Amino acid sequence: MPELPEVETVRRGLETLVLGQEIVAVTLKVPKMVKTDLETFALTLPGQIIQSVGRRGKYLLIDLGQLVLVSHLRMEGKYLLFPDEVPDNKHFHVFFELKNGSTLVYQDVRKFGTFDLIAKSQLSAFFAKRKLGPEPKKETFKLKTFEAALLSSQKPIKPHLLDQTLVAGLGNIYVDEVLWAAKVHPETASSRLNKAEIKRLHDETIRILALGIEKGGSTVRTYRNALGADGTMQDYLQVYGQTGKSCPRCGQAIVKLKVGGRGTHICPKCQKKRP
């Protein structure tokens, strides 16, 4: 699943490709992807001009002025821009024809991606309903708030970080990286973390997600950015996908566990499980 660094990289690519373009027609082949009224979606988008492309957590925000098209890539979603003819592909599901003759295509092998067309004035309520946590920046991701939320919960730390309420944008890859960097076992109850561990989790979340953005995201399976290029963050992953390799910090072999139903990579020496 594209996580915050991948979605931010897609956002930057889309802004380069479609900023200022007018949508003249929309073709939707998988109606279930649209979570708001289908007729409104089909009739309202033509004539709209793409004013900016933003992001909140793992959501892309295509700003149309008074409206925002909220796009979530889920497991396999990606955007492609074709300057003229669009090739046949059974995984191409949404087509945005632009006034300059090009077509922005949403591709999704799993068909899990979603679209919501909402009034810009309703955007805050949209994310509040989903209990989406703050962006992972020093200005918004406050240590004291993070600490209070952790210490009041019995949830294991990995599923807690994944649920998007503590901080927006973390997925399986980057949670494994953050937990390793902070020397925290993924099954540790949130309330049992000490202040030093909480601070490390906070600081490493900010650092690692920023590094992921800098490196253009991780191409581990099928991720490509909006320009069709791979990311390079996979070359900087310390534990995710490194089963059997030596821990870069202590030399112990990395092992793979199941935590909350998710494949999880840890160093058993650096990330000791509490009794």
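Along the chain as shown, residues are numbered 1 onward.
Each residue, glycine too, has its Cβ placed from N, Cα and C.
Feature zinc finger, per Swiss-Prot, maps to range 238-272 of the set 133-167, 238-272. Mapped onto DSSP helix, strand and coil, the zinc finger (238-272) counts 0 helix, 12 strand, 23 coil. For Lys58 (active site, proton donor), the nearest of the recorded positions by C-alpha distance turns out to be Glu3; the candidates were Glu3, His91, Arg110, Arg262.
Confidence over the zinc finger (238-272), given as mean pLDDT on the 0 to 100 scale, stands at 97. By neighbour count, meaning other C-beta atoms within 10 Å, the densest spot among the binding-site residues His91, Arg110 is His91.
In this structure the alpha carbons, written CA, of Glu3 (active site, proton donor) and Arg262 (active site, proton donor) are 15 Å apart.
Of the active-site residues Lys58, Arg262, Lys58 has the largest number of other Cβ atoms within 10 Å of its own Cβ.
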